[in-house]
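Report on one structure; see the data block that follows.
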Amino acid sequence: MTKTGGSDESPDIRVRRVRGDGVWARVSSAGEPGERPFVLVSGIGVSSHYFEQLAPHLMQFGPVYALDLPGFGGVPHARHALSIGEFADLVGTAIDELGLEDPVVVGHSMGTQICADLAARRPGLSTLVLISPVIDASRRSTPAQAVRFLRAALHEPSRVKLLAVVAYLTCGFGWFFKILPRMMSYPIERTAARVGASTLIIRGEHDAVCPRPWVTRLSEAFPRVASVVEIEGAAHSVMHAHAREVADLCVRHAAGTLGEPSVGETGGTGDAASQHHRHQLQERGSADGITVVPELPDQEVSLDPVDAVRAIADEVQGVAVELKGNRTDDDHLVERGREQQAEARSRGRG
């Protein structure tokens, strides 16, 4: 594992179901067998689309499996509000049924609780990534967290805000508020003591939901913390707008090279010598033990306006196909819609 970079080619996305005790999850996978598989678990209310920018970078190194759990991403609600442990059981079932050997387990927001709970009960998992872990134990109240969420949202890109609106409407506020108390009361800081996996914790500079003092205290609860990292300019959904930086960290964590100099790469064209533009990440430490990573420079996009409009139209059509698949319980339509969206985004990157 020596590089991070997205692909200009759209991925071949495969959609399948994994069934648990009266519930099921949808797994969207892409990428060919590589050094390590990645399992991605998103947060409350949202879908695996939150990993749409991160996944193409990760799958340069191994297949990516992004989960939509019961009630999220168009998957039907369960008959009762699932606990964090029950969500974790379903993720474990997915890992077993897919035959994944020691995957890199990556959770975001509430997904960090699910992944930590799973890792605490599965000593065979060696590598854990927690992105924007929740809930700050010193502010375990819904009003306080709502205010923090809104503060963080001010720094999110418009694309993330759009994804959130669509996801919350798809989830439904009834189910959201059934699961919310489970997330608010889950003590990830106590679960941490039972996690044997090497753990990487990532937060965004402007993430009020996951403040610096909280991640510092949380990191002290894990027996094996590889690093605690803050990415400049990022907010709660750090893995979307800063996918290259997060992918670089995940890959180096999986390879056990986090202590070595970081090099981020972005895809390019030309001969082998100029295949990638290499950007040295000038990481720096801080008094509280958090490593600060600067933003990578924006990638230049050269796209004809007509082609850009076509890419947007094709992505919207893909969304419509996926939504129809959700309504009609047709995973083939969901798969086709997701592939169309991924292909349109690939063209939109220029």
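A Cβ is built for glycine as well, from the same backbone N, Cα and C atoms used for every other residue.
Feature annotation from TrEMBL assigns compositional bias 'Basic and acidic residues' to 324-350.
Feature annotation from TrEMBL assigns domain 'AB hydrolase-1' to 38-248.
Under the heading region 'Disordered', TrEMBL lists 260-288 (among others).
If you look up TrEMBL, you'll see 323-350 (among others) marked as region 'Disordered'.
Confidence in the domain 'AB hydrolase-1' (38-248), given as mean pLDDT, stands at 96. Each residue of the region 'Disordered' (323-350) gets a DSSP state, and the totals for helix, strand and coil are 24 helix, 0 strand, 4 coil.
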